Amino acid sequence: MELVFMTVVLGLTISGRINIATLDLECNETDVRLVDGLTPHDGRVEICFNGLWGSVCDDLWDARDAQVVCRQLGYDGSSTAIQQHPVKSNASLFYYLNNVGCSGDEDRLSECEHNGIGVHKCGVGYEEAGVICNSTLDLKCNETDVRLVDGRLSNANGRVEICFNGLWGSVCDDLWDARDAQVVCRQLGYVGLSISLRRYPVLTNELSLFYHLDNVYCRGDEDRLSECEH
């Protein structure tokens, strides 16, 4: 059995079966995400406003701000704030937040004090706020949610994991094809086409030690991977 890897290619040509996504990942208002990290638990902080992801400037960025980001993402352990986080992927072309001042007990980053949406004097690409999130358990997850980890090209590609009983688990690549990848991309909010890849190497040391699904068979019109036969 092998791990499943899938990707949505955003305007990029690589060898293999190519499908081009028409839009970036849609996002929910004031959600946060981590990008350009070494693991799923660290990276540059981005926040969603008006359906688009934007960066957070690192002016005044400290441990209390990082604590709120990690709490919003579901981590229950300690956290570390990082200033001038390096940019590996396509950086957001604008900053949404600057001079963030959290007390540390907020549930969402958007609840913290800041200059106002889009009000900043930060240099795009080299004043990026980042965090490292730690947890006594793995990242808490909602039942049948999916995520992509170990992606090489962008946040739109990676190894597929699915949540059951509060724990992330891998998906075996037996019978894995483009229809299965299409359902995963749809569940994650992508509106373009997709590529399915098999036997993808594990890049982190946090590989799930069990498979949740094997012999997945999707028709291609399901909204969630858990709705497919397996």
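A Cβ is built for glycine as well, from the same backbone N, Cα and C atoms used for every other residue.
Features reported for this protein in TrEMBL:
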- CYS102-CYS112: disulfide bond (DISULFID)
- CYS218-CYS228: disulfide bond (DISULFID)
- 32-134: domain 'SRCR' (DOMAIN)
- 146-230: domain 'SRCR' (DOMAIN)
- 1-15: signal peptide (SIGNAL)
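Mean pLDDT, taken over the domain 'SRCR' (32-134), works out to 86 on the 0 to 100 scale. Look at the domain 'SRCR' (32-134): DSSP puts its residues at 13 helix, 32 strand, 58 coil. In this view, CYS112 (disulfide bond) is surrounded by 18 other Cβ atoms within 10 Å of its Cβ, with every protein chain counted.
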